[in-house]
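Remarks on the structure that follows.
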């Protein structure tokens, strides 16, 4: 019970902070859409940002976190702060050296990287050159955000979640301010966004340092790279790097294939994926981050039953949050983009095309959530290899489906391919974990799903009826659209919550508490 409270509390704090950042991210995307629309400049920026962002997830948020957090947690709780300080010093020193090399190499090799990721841009004069220019400006971002990931892992193990989770807010604010204030000062206005990314990366790192020092962790150079704990982290990272690389190749493949589609396709996918990631960032990622330390403690104490209970709890919370969110995103895609994005250079047809992509992404939200919770279960067991193999087969499926579906369905086919791949990935991970641990005892999870789905269906029917009150693609009527959309979302949430209570879905109160912390306290 105490671990459930710890997970809920930590996820609530993470979600509150992440929610602030996601709202700023939504405002950022609205500003970008209004200033630059969906076309030549935005396509170039989104592909250019793909490369440092891919490396951020490759080095920082994926394999490093998966390998560092369980090991650092074990040292900190079993051997004390001094030994943990030594491990952190060595890891930070090694990371600085590696990321300096990666950053310099990336800037030097930018033309080749850009030509690979945005190969289809070669057919449009000046598009590859602009993408290369923007990529060179943003590439040092990976250096700062990788160091940030290490500090985030340290703070999370020590029970501090808010400051690390709120740091992305600085990135979004930096991009917004630079876009608004500087776009008219550059010959190519979209350059202001690239500058905003670099400034935001620096600010994200700087905000972590005082908190870390206040907790007694004062990082300094330490070149003892043969330390057994550091070698253990490196050993765990190797398969993790491959696994994260495979996942990120999925993103690159989608952008690469989209670059061959009509102009604007990359931007349609980007805007829709950003909104699709909104509930992920507020709820799913926060819950996954909170689950990993709890599961690591339970595995360290050989508490298999507690491990299973934490897993069941996380999966049911994921279902309670993502299933209604999937229905909502599917039905509200066009209204949301009409209300928030249809202004300036972003036209009604852009809204329609972006909404179609979001509708294709939406059914995959629950399966993405399941994967986000199951993968930390492997990491807590210090098994980073199994997710690698599953990611590899998921990649092959995504590529095959993308090639198959992009010709008849364009960018919507690429979104659908990613959704179908997510279904396969989550099912394969569950099957593999079952093989590793024996019976997972998922009867409570399937019983909860059997009650959640009818509640979500009733909610969806009500939302569909209410949304037909407004012609969403007509310009103007902002107050009417906002009132109807806000009221519809409120009614839908109320219907779903009442349905879950009537059907006695377990942990409904905990899910409502989690949502209250993340939404109502903003």
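Cβ atoms here come from the backbone N, Cα and C positions, even for glycine.
As given in TrEMBL:
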TRANSMEM  35-55  transmembrane segment
TRANSMEM  87-108  transmembrane segment
TRANSMEM  137-155  transmembrane segment
TRANSMEM  162-182  transmembrane segment
TRANSMEM  188-212  transmembrane segment
TRANSMEM  233-258  transmembrane segment
TRANSMEM  278-295  transmembrane segment
TRANSMEM  315-342  transmembrane segment
TRANSMEM  354-375  transmembrane segment
TRANSMEM  387-406  transmembrane segment
TRANSMEM  440-467  transmembrane segment
TRANSMEM  487-507  transmembrane segment
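For the transmembrane segment (440-467), the residues of the chain that approach it from at least six positions outside its boundaries are 308, 311-312, 315-316, 319-320, 323-324, 326-328, 331-332, 335, 430, 433-434, 484-485, 487-489, 491-493, 495-496, 499-500, 503-507, judged by C-beta separation under 8 angstroms. Only residues 6 or more beyond the boundaries of the transmembrane segment (87-108), in the same chain, are considered here, and those with a CB under 8 A from a CB of the stretch are 51-52, 55, 59, 64, 68, 71-72, 75, 136, 139-140, 142-143, 146-147, 150, 154, 217, 219-225, 227, 229-230, 233. For the transmembrane segment (354-375), same-chain residues at least 6 beyond its ends with a Cβ under 8 Å from one of its own Cβ atoms are 38, 66, 268-269, 271-273, 275-276, 279-280, 283-285, 287-288, 291, 311, 314-315, 318-319, 321-323, 325-327, 329-330, 333-334, 336-337, 341, 387, 411-413, 415-416, 418-420, 422-423, 425-427, 429-430, 433.
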